[in-house]
Amino acid sequence: MSRANESAPQEFILLGFSDRPWLELPLFVVFLVSYILTILGNMTIILVSHLDPKLHTPMYFFLTNLSLLDLCYTTSTVPQMLVNIRSTRKVISYGGCVAQLFIFLALGSTECLLLAVMSFDRFVAICQPLRYSVIMHHGLCLQLATASWVSGFSNSVLQSTWTLHMPLCGHREVDHFFCEVPALLKLSCADTTANEAELFFISVLFLLIPVTLILISYTFIVQAVLRIQSTEGRRKAFGTCGSHLIVVTLFYGTAIYMYLQPPSPTSKDRGKMVSLFYGIITPMLNPIIYTLRNKEVKGAFKRLISRAFLINQSW
């Protein structure tokens, strides 16, 4: 560990797309708009789910967790990215890089597990509707959510420690927009084979296994939905599950591409764009997908606005 500490720089240079300065203004606008929409969209879901009693159900409890996670997820990287894009010195302190690495990895790992938990909730709701309230009781929901958060942060402690233990030998130019494990491993002047194998193994645990469980859940869900006689009931079930499936595809698809494909120098710019997608675009799209395809959320939002309007009139 002393060897790693001796070679640790005081700050890192985040290269991003600095070799393409003409991209910086468009990226700044895209990042800023995405961040604002992420804040507004996810805060809306959290407030509506908390204030409307009709949304005090397991599905919206997990959705609130996802929205809170996405708020923190983007806030750990986007503000620093916005500053660096418009600055001539695109730097981040060593401590800032460590914090960014830990938080981004912890929240990303938590989301992997939370999306699997949400698919389990949909499986019970559709395949076991009469026993849903008995199975998905408040205690179990708390346990599943807590297990997701604790596992995600535990994984981040391990991964961050292994990554920061590697000697850098003075290297400080990170070919990325933010501090992420694959980008930091490329700075090491030691053999990273063991670290890459550990990263691959943990990625299988947090990406492939949850995806497999989700696919199995949705196989049973589709079979159950097709047995529903009511056209309205079938449409409602497909609408709710469709939103979740879109989110799952966007998040896992890009994360698997980033963490489970063999490293290739020719695909480094593509890797940056992919990481931006699951780190910025997906958290922005999550509330849009869940609200546009969900009549309950839209109805709750309208009731909340109406209540606020009536309160203002009474004043």
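Glycine is no exception: its Cβ is also placed from the backbone N, Cα and C atoms.
According to TrEMBL, the protein carries these features:
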- 25-48: transmembrane segment (TRANSMEM)
- 41-290: domain 'G-protein coupled receptors family 1 profile' (DOMAIN)
- 60-79: transmembrane segment (TRANSMEM)
- 91-118: transmembrane segment (TRANSMEM)
- 130-150: transmembrane segment (TRANSMEM)
- 200-226: transmembrane segment (TRANSMEM)
- 238-260: transmembrane segment (TRANSMEM)
- 272-292: transmembrane segment (TRANSMEM)
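Non-local neighbours of the transmembrane segment (60-79) in the same chain are 31, 34-35, 38-39, 41-43, 45-46, 49-50, 99-100, 103-104, 107-108, 110-111, 114-115, 117-118, 121, 141, 144-145, 148-149, 177-178, 279-280, 282-284, 286-287, 290; each lies 6+ residues outside the stretch with a CB under 8 Å from one of its CB atoms. Taking Cβ pairs closer than 8 Å, the transmembrane segment (91-118) reaches residues 8-14, 59, 62-63, 65-66, 69-70, 72-73, 76-77, 80, 84, 144-145, 147-149, 151-153, 155-157, 159-160, 163-164, 174, 178-181, 184, 206-207, 210, 213-214, 244, 247-248, 251-252, 255, 278-279 in its own chain, all 6 or more past its ends. Within the model, the domain 'G-protein coupled receptors family 1 profile' (41-290) carries an average pLDDT of 86.
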